[in-house]
Amino acid sequence: MIVNDEDEETDVGLKLQLIDAVQRLGVGYHYEIKIEESLQKIHELGEKFLTHEKADLCHVALWFRLLRQQGLHVTPDMFTKFMDNDEGKLKESLASDEQGMISLYEATHVAVHGEDILDKALVFATKNLKSILTKCTSQFQKQVKFSLNLPLWKCVPRTLTRHYIDFYSDDHGFNNEKLLRFAKLDFNKLQKCHQRELCEITE
């Protein structure tokens with residue numbers, strides 16, 4: 001489900017989105033080895049993906065965040081392709097890219113000290129996401145507000161599972177119904193397990 005070796009460069013974006021969804025929906029622990037193997041392969045592709053025409057801001061930022069979260073060595077240099085060479089800052093034309101902005105915003109939170117390009121990107125993404133709030137759909141507005149208040153990197157992933165199950169349930173563009181159904185079943189199963197453990201402890 002995670003890995004498909006055919007047409008690797010063009011398929012990387014889909015793999016990244018699937019891995020991100022699996023992790024956000026709280027079922028990543030079922031696929032830890034597969035996810036690790038997939039991200040390692042994506043990391044090895046490196047420049048092949050980053051220079052591909054389909055490597056837009058949303059996918060490059062997602063690539064950066066997922067690989068760095070996995071502990072793989074990546075630098076923020078790839079974001080220079082989205083910068084205005086004359087002014088040394090991110091292109092203003094990116095401001096209307098809703099998915100690109102939220103993906104970039106989340107990516108900036110895995111920055112380490114001294115990565116100035118990500119510090120600038122955080123300011124840029126935050127400003128534009130707040131502006132987008134007045135124009136986007138109510139569904140995306142809910143997601144933006146949540147991310148601005150609690151970025152992925154600053155929370156315990158499992159505590160956000162219910163939020164993302166609700167978010168993906170309302171997202172009619174999310175077409176992996178089997179994954180969503182599995183996430184709901186897994187969430188309910190774990191919740192019942194925790195309730196039993198709590199009862200045993202209190203007794």
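Using the three backbone atoms N, Cα and C, a Cβ is placed for every residue, glycine included.
Note that the structure is a prediction, hence the values are computed from the model and not measured.
Listed in TrEMBL for this protein:
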DOMAIN    8-148  domain 'Terpene synthase N-terminal'
For the domain 'Terpene synthase N-terminal' (8-148), the mean pLDDT of the predicted model:
90
Taking DSSP states H, G and I as helix and E and B as strand, how many residues of the domain 'Terpene synthase N-terminal' (8-148) are helix, strand and coil?
103 helix, 4 strand, 34 coil
